[in-house]
Amino acid sequence: MFDSPSKKGYSHSPTRDHVVTNYRDQGVEQPNRFRDPVFAILFICMILGTITTSIMYAPAVENANNGEDVAAAANGWLVVAAIQGATAIGLGLLSLSFMIAFAESLIQITLISSIVLCFVASTFMMVEGLIGGGVIWLMIGLISCLYAYCVWHRIPFAAATLKTGLTAVKSNLGLMIAAIVSLFVAFAWTILWVLNYLGIAYQENGGNQGDARGLNGGIVFALLICFYWAHQVISNVVHVTVAGTVGTWWFNPLAASSCCSTGITSSLKRATTFSFGSICLGSLLVAILNALRAMVHGARNNDDGIIVCIADCILGCLESIMEYFNRWAFIYCGLYGYSFMEAGKNVIRLFKARGWTMIINDDLVGNVLMFQSLGVGAVCGGIGLIANEINPQWFVEEGENVDVKWTIFFIGLLIGALFSSIMFNVVQSAVDTTIVCFAEAPVDFQRNYPDLYDQMSDSWMKVYPGLWSGEESLVSIGVQGGNQETPRARTADV
């Protein structure tokens, strides 16, 4: 039996006198069938088309470089970048245990730090004579104070969900491997797309390589959709894999309690086969909005600046709404194998029935993970500065008098933040899945992980006592007997 982590001395809660019940319309495991296959086919055709045009046009771009060897200018940059990347991965893994131990304190520190940073920025700008910017940061700081006051009482439940999500990830560390692999896949796609873009620009402009200004707007828009679509798909494959794995951990602990458990492999298989079309559909909708915003940004210098800003604002709102919808819909895809639209409708129906629409709007955990990523990035930037002190010839040619320390620090910050954020996105996905599973199937959680359940239910009662009553409540007051509905969620293929 999988041993769940315990917390000694945890206080007794009134919820222990309640009988827990699962959600009445809990999701049902769907048969293994390809969902939204048309969009999977379109995505594969897009990838093949990009590869084909890259092969056709890349040689012309290479010849136009006249054999220039850009790699020679790298010097020691690659070595230091590799060290920084490895450090980011190591710190990311170590921080999992740290966040479990100090989840509530980290959330509190994050809220306070964001307020302090706003006031520091405001003070700095006013001292420098930038009154307008200082006032803006002052207003942001005051709004942050109000936000912290409003959500402070919700910190215990956010901390409990963070602990549960982290515990699930630590039990299935292979998810981190999948996330890191996805980073390199995304990097390879970016290189391929750039080659494709330059090749098409070279052909369309009669050999004037790299001049994209003469490219047809429709071509640029299509290329941008391809770029964002692939990146969205790569990210969401990991998201769906995490959701499926955490679901297996929730309902069937024995199948999801090792680095490369069957819960991970079966969830990855589903994400890349049966649910791949659904992932492509949801990702395409976001990619179109991403591409539209990129086109709008490119038109900001036109005379119709106000109209462009309004369009950018509208597209930004639509983009956020779509990403928010995808975030929860893909969890249902991973848990049960629904199609994209069915998953979205079911998960929204779940939160409405539970009365949880305000809860899923909180982003306390996301703020903690963002600050953790910045912290890891700062450490990696510091490693770059140390390397520059030890061997400055790694970064500049001998005899040159160039101060590159801030460039080194900034690149290290980006590398560290990027690598750690990829890993922490796994944690965010696990936390989101925890919320969905807690809303749907608390019975299974109580049976498999009683200590974690006690922490979440106790904090829930303190934060949202009014949401424990009603027909669709998480618990029912009184005694209903020992028989509970058999869980209908997916388990790993064992």
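Cβ from N, Cα, C; glycine included.
Keep in mind the model is a prediction, meaning the values are calculated, not measured.
If one looks beyond the transmembrane segment (38-57) by at least 6 residues along the same chain, the residues whose Cβ comes under 8 Å of a Cβ in the stretch are 192-193, 195-196, 198-200, 202-203, 226, 229-230, 233, 276-278, 280-281, 284. Positions annotated as transmembrane segment by TrEMBL: 38-57 (among others).
Residues annotated as transmembrane segment in TrEMBL: 77-102 (among others).
Outside the transmembrane segment (109-127), and at least 6 residues removed from its termini, the chain residues within Cβ reach (under 8 Å) are 133-138, 140-141, 144-145, 147-148, 151-152, 364, 367-368, 371. Annotation source TrEMBL lists transmembrane segment at 109-127 (among others).
Taken from TrEMBL, the feature transmembrane segment covers 133-152 (among others).
Taken from TrEMBL, the feature transmembrane segment covers 173-194 (among others).
Marked as transmembrane segment by TrEMBL: 214-230 (among others).
The feature transmembrane segment is assigned by TrEMBL to 237-254 (among others).
Within the chain carrying the transmembrane segment (274-292), a Cβ under 8 angstroms from the stretch's Cβ atoms is held by residues 32-43, 221, 224-225, 227-229, 231-233, 236-237, 240, 315, 318-319, 322-323, 325-326, 329-330, 333-334, 337-340, 343, all 6 or more beyond its ends. Positions annotated as transmembrane segment by TrEMBL: 274-292 (among others).
Annotation comment: TrEMBL describes 364-386 (among others) as transmembrane segment.
Residues annotated as transmembrane segment in TrEMBL: 406-427 (among others).
Within its own chain, the transmembrane segment (133-152) is flanked in space by residues 108, 111-112, 114-115, 118-119, 121-126, 362, 364, which lie at least six positions past its ends and keep a Cβ under 8 Å from the stretch. When Cβ distances are compared across the two stretches, the transmembrane segment (77-102) makes no contact with the transmembrane segment (214-230), since fewer than 3 pairs at least 6 residues apart fall below 8 angstroms.
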